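Asker: I am attaching a structure below and will ask some questions about it afterwards.
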Amino acid sequence: MKYRCGFTITAVCLAVSLLAASMPMRTFAASLAAVETAENEMETEETGTEEVTIAFSDEETGAEAWPEGPSIAAPSGVLMEASTGTVLYDKNMHEQHYPASITKILTALLAIENCDMDEMVTVPHEAVYMEDKGSHIALDEGEQLTVEDCLYAILLASANDAAYALAVHIGGSIEGFADMMNERAQELGCQDSHFTNPHGLPDEDHVTSAYDMALITREALKYDIFRTISGTTFYEIQPSANQPDLIPMSHHHAMLLSGRYHYDGVFAGKNGYTTVAQNTLVTCAERNGMDLICVTMETQGKQVYADAAALFDYGFDHFKLVDIGQDASDSLTASIHARTGGVESGSVVTEEIPVQVEEDGYAVLPDTAVLGDIQPDLYYDTENAREGARATLEYSYAGRTVGQAEIILPASLVIPEETEIPAETEPVQEPVRQEKSSFPWLYLILGIVGAAALAGGGYLLVRRQIWKSRWRRRRYSGKDQVYRRHVRQNNVYHVQARRRRGWKR
C-alpha cells in the first residue's frame, strides 16, 4: 500500500509538470510581463517621468514603397546620399572585395586630417623600388614634394610611389600607417574592412566593401580640399630645388572627362584596377543640391561606368532632399505627458508645444512621399541638456533611416536620464509591453526538465517500494526460509574447504 501511495504522488507531480510545460506559453509570458510592468510603474510613480512624442502635421500619403532599383553587372554596389548617409540602393554592399586604388581615398583623408598642405614629404628608398610598383609618377629617392602635390599624384595619377611616401611621412612606416587606416575606418563605422597598405596593391588581407568605401568617401567630401583635388582633371607638379622635373598628370576617372562615359554632375571620384580586384569605382555626383556617392566593386571592363550611370539616374530621378529645418519647423510639435511630485501628490499633464529644428537637418525621400510619411524617433542629448533642451530626431521611411536633425525643445521637456523615445504621428497611448519569444521557450525547457526529474525520481521511488515489499514477503515465507538455509549451508561449506587447505581463522 505504501508504494502505491508513493507512485500516486509521483504521478500527480509528473502530471502537474507536464501540464505546466504544455499550457499556453503566453500565460507565462504575460505573467512575467505583468510583474515587470508593475515594477516599472512603481519606479515611474516614485521618480516621475516625462514622455515626448514628435508629430508632423503634414498629411500622410500612406505609401511607404521604396522605388525599385536598376540591375547592375557589378556583384556589389551601393548608392548613398552624402549629407544624410541614406542608402538609396544596395546590392551586397557589405560583401568583401579587394579595393585596388580606391584605397587611396582613405590615404588622402588621413593626409588631410593629419598634415598641412605645404608640409614637405621625402621620398624613401622603398617607395621607388617597390617590387610591384604599378602606376607611378617616376619619383626618385630623396626627392621632396608637398603634401598637396602628393594628394594630386595619388587622386589623379593613382601614383603608388607618392602614396607610399605620404604614408611613411604620416605613420612612420607602412605598418604604422595601416594601423591608422584601420582605426579611422572603425571610427567611421566600417565593419567589413581591413587595410594593410596605402595604395591598394594586391594583398589577400587588404579588403573592404562598397558600403565602407561609401562611408570613407562621405567623410572625405566634408573637406573642400578633397573635393577640389579629386575633381581636378589635369594638374602639373612644378619643378623645384627638391624635385627638378615638371610632372603632368591627368585624372583616370572617365566620368569626369569629356567623352563617351562623361556624366553631367560628376564632381569627384577615384577608380581602381588590379587583376584580382578587377574594376573598382567610387564616383560622386550632384544635382538639385543633392550629392550622391556611388561605389561598385569587381566589375568587368567598362561596364563599371554604365553601372554608375544607371545608379545615378535612379537616384536623381526617384529621390529628393528635404530640408527639415526649413520645411518642418512650422509643422513640428511635441506632445508632453509628465507626472511630477510622485504618485500621491503628482498630477499628469498633457501639452502640445511647437519645437524648433536647427539648420542642416535633412532627409531623403522618394519623390512620391511627403514629410508626413516619415517616422521620427527622438533621442535626448543629456550632456547638453542644460544648454536648452537639445535633442536629435532620426527619420525613417519604409524601414530605412533617411536623415536626422537637431531640435531645440523647451527646458521643461528635458529628461534627466539618457533615453530613447519613439516618436509617433498617432496620439500617445499607454505603452503595451510586447510578449518576448524567449519566454515560451524558457518555460517549455523548464517544464520538460522538471518533468524528467520528477519522472526519474518517481521511477526510483516506485522501484524501491516494490523491492521492499517483495523482500518482506520473501523474508517470512517458507521459500525464503529454504533460500536462507541454503545460503548458510553454502557459507559453511566454503569455510570448511578453506580450513582443509590450511586456512586458520
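Just so it is clear, glycine is given a Cβ too, placed from its N, Cα and C backbone atoms.
Annotations in TrEMBL come from automatic prediction, not curation.
The shown structure was predicted, so the numbers you read here are calculated from the model rather than taken from an experiment.
Here's the feature list from TrEMBL:
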type     : residues : note
ACT_SITE : SER101   : active site, acyl-ester intermediate
ACT_SITE : LYS104   : active site, proton acceptor
ACT_SITE : SER158   : active site
BINDING  : LYS270   : substrate binding site
DOMAIN   : 68-300   : domain 'Peptidase S11 D-alanyl-D-alanine carboxypeptidase A N-terminal'
SIGNAL   : 1-29     : signal peptide
TRANSMEM : 441-462  : transmembrane segment
Asker: Can you tell me whether DSSP puts the residue listed as 'substrate binding site' in helix, strand or coil?
Answerer: strand
Asker: Do any residues at least six apart in sequence from LYS104 (active site, proton acceptor), in the same chain, have a Cβ closer than 8 Å to its Cβ, and if so which, in order?
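Answerer: Spatial neighbours, sequence-distant, of LYS104 (active site, proton acceptor): ILE154, LEU155, SER158, ALA163, PRO198, HIS199, GLY200, LYS270.
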Asker: 10 Å Cβ neighbour count around SER158 (active site)?
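Answerer: So the number of other Cβ atoms within 10 Å of SER158 (active site) is 27.
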Asker: Name, in the order they occur in the sequence, the residues of the same chain whose CB lies under 8 A from the CB of the residue listed as 'active site, acyl-ester intermediate' and which sit 6 or more residues away.
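Answerer: Long-range Cβ contacts: SER135, SER158, HIS199, GLY200, LYS270, ASN271, GLY272, TYR273, THR280.
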Asker: Where does the mean pLDDT land for the domain 'Peptidase S11 D-alanyl-D-alanine carboxypeptidase A N-terminal' (68-300)?
Answerer: 97
Asker: Taking the Cβ of the residue listed as 'substrate binding site' as centre, how many other Cβ atoms lie within 10 Å?
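Answerer: A count of 29.
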Asker: Look up the residue listed as 'active site, proton acceptor' in the DSSP assignment and report helix, strand or coil.
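Answerer: In the DSSP reduction, the residue listed as 'active site, proton acceptor' maps to helix.
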